[in-house]
């Protein structure tokens, strides 16, 4: 058989010496110098040689396959002729391969298997010699001299070319389907046995009927090299990681949490919503998707944690931060490390009188401040310590009151009253200083001091109600006064007191709220207890409701120890039952004893809020908000804050949410069923004290009032800043904003009523943020007094620091006043039934419920008798009144509570 002539780069080897091509030995240590100099050219030559050799081998293998197809189809004669022709035509250096393969296929068909096995064994031995493994590297280096005797390489280029040829042959052998390794690396690899082995391990040709495309097209496709099997000494491949589930699609705006709360005109542009918002809409909609109830119920209110901490954005605050905020600042120490006493701390804090500029230590402020006229509330004292300022009562005394008092005449002692007025100014309206003066001047001065006391406290010596020991008689008239220049007719000059609830509250009553139905009244204040009062005609209904949920003293599941003790103390103190005798008059609307008492707070209560289904929220100076229900005795949930909670409000349309404002400067919208903060925002500015909060426009906006006189509006859907109003006068001492004490919406007119510590009440139009009306006449310099509307929004009422209850008409009656400013209302009516600061005054939301059946029958007869009572009261805003009955409630600094009824023919 003729030897095969190999095609190489840079020349061809002699035909008679194929051994130099087959057996190669890598002399890396000896040829380092040559390789270093020719490294880059050799790499380029390797790439070119590899490409050309691969193309030659692929082309020849395709020709072999074509010849085999032709030989199967043709006869024996044609087969021999084609083999001879293909052998004689040799266009390239590998032209002898098809002829040799064809001859070997016919002549040595019987001995192919044996020869191929021998060839494979010899090839494996030669391959191990030429390509030693990593484990046999040392052995290959030891036998380097023996290999050099068998192989001679003339130059570095020939060595590289031979190496490339060997690698290409190895790649061709790997492509075999059986996986046998065939490496023609020796001179025997060029023998006829190797050709037979290559022919045997060549890829099997598929049947003709399975080959849809022509041979020409198939010959142009290069076979894909098979991937060699992984080494056995390596671990199995790591399985692919589990596929992460696709994120859920973003919810539409209609599916957000507060979409149900939106009004048609509450459309916040998307551009105005920052991407780094305090709480995204997806976070805000986590709970509402699960909630399908339109309002709060007992099941959702009692589920979950009983104590909820303020966690904004769903992140729990740091433990150290919470501990420091809850425990408050540590007691200051001296330079030597000793803790300062209370007296030293008070002496170190300086308070500045904004009117006179005088600075005094806080330890002496009690003597300087007017304790007799305007006792400071605990909240006011706390804010004063933080802001280091106070406002004297003299500066904020109403001008109208001074004018009125100057015109008052006393037939028995007009000259004495003039002297006492001068003495008041000299003494600074301080009874304590007057007593010191009385000790010096004897009995005569004592008599003057008593007169001063009567004048300062607006008490009458002949009035039996001035005595603390005697009870207030029912249906008795009260002291009435009106603004200077207001000549009448008056609306409340015939008002009478019908019930006195003094004796229950121990200390001041800071807040009172009627339920939406008007049958329940909640009052709370300095004694840390919430008291619920029920109307006589509604007592049985609520008592049956309580008995339904508290049969045999049963309380809610998993109550806290505090709740159990609260229930026990509530029962021991004897809450009124249906069988109790009520000694009061039949005209009294409420029972004389509370329906129930809620205990749990550890400091003064500041605000209350009712839901439409008899849930009650209470906020306190103990930095908590507690949730109650009229059918339960214990606290349902406690919401903890960072600082004093000054204001709370249920959402008007979805009482699963409520708003809370705190002195820490944060406004929070709580989700009661989920027991978490749904949305929150923080006030900007130097003074971040929130002193009032409420909803307006039926829940469209949340409004807060600050200590520096700002009303800030936030859209409820995202609790984002909307706008603000700076509540202050344009000139005078009130041009600096004062503390906002109350915010009340005026439904149907897009207006809000703002009460502030500058002794002014303002009505703002939310359409253009303009001032619609300013009311003045009362005194509110440092208290938490707030004004509120009547049930039909015709009147507004407020307590005062001068012990009077002040009432204004919401709008001027043009039939009474001809030339008045439409944006000023100085025409007030005042009633007096208290001997201390009136801390709270409200109208009853449903006056008809306050009257018994007998009184209502008398009312019908009275309407027929007094037809003037049905005269329509047409005001400038179109408010029409069909009933002039009004019921008021007021409370003072001593805990006394009085009920008033305005209707002349009901109580003669």
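Even glycines carry a Cβ here, placed using N, Cα and C.
According to Swiss-Prot, the region 'Binding activity' annotation covers 1-163.
Positions annotated as phosphoserine by Swiss-Prot: 40 (among others).
Feature annotation from Swiss-Prot assigns phosphoserine to 61 (among others).
Per Swiss-Prot, the feature phosphoserine maps to 71 (among others).
The annotation phosphoserine is assigned in Swiss-Prot to 86 (among others) on the grounds of similarity to another entry.
Taken from Swiss-Prot, the feature phosphothreonine covers 151 (among others).
Under the heading phosphothreonine, Swiss-Prot lists 211 (among others).
According to Swiss-Prot, the feature compositional bias 'Pro residues' maps to 225-248.
The phosphothreonine annotation in Swiss-Prot covers 263 (among others), and the record cites similarity to another entry as its basis.
The region 'Important for interaction with RAB11A' annotation in Swiss-Prot covers 326-339 and is backed by similarity to another entry.
Here Swiss-Prot flags 334 (among others) as phosphoserine, drawing on similarity to another entry. Counting every protein chain shown, 9 other Cβ atoms lie within 10 Å of the Cβ of residue 334 (phosphoserine).
The annotation phosphoserine is assigned in Swiss-Prot to 336 (among others) on the grounds of similarity to another entry. DSSP gives residue 336 (phosphoserine) a coil state; it is part of no helix or strand.
Residue environment of residue 341 (phosphothreonine) contains 10 other Cβ atoms, counted within 10 Å of its Cβ in all protein chains. What Swiss-Prot records for 341 (among others) is phosphothreonine.
Per Swiss-Prot, phosphoserine is recorded for 467 (among others).
For 556 (among others), the entry in Swiss-Prot reads phosphoserine, with the evidence type a large-scale study or a structure entry.
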Let me know how many other Cβ atoms fall within 10 Å of the Cβ of residue 336 (phosphoserine).
5
If you average the pLDDT over the region 'Binding activity' (1-163), what number do you get?
53
CB neighbours of residue 61 (phosphoserine) within 10 A?
18
Measuring Cα to Cα, how many Å separate residue 341 (phosphothreonine) from residue 334 (phosphoserine)?
10
Please report how many Å separate the Cα atom of residue 61 (phosphoserine) from that of residue 334 (phosphoserine), as a whole number.
101
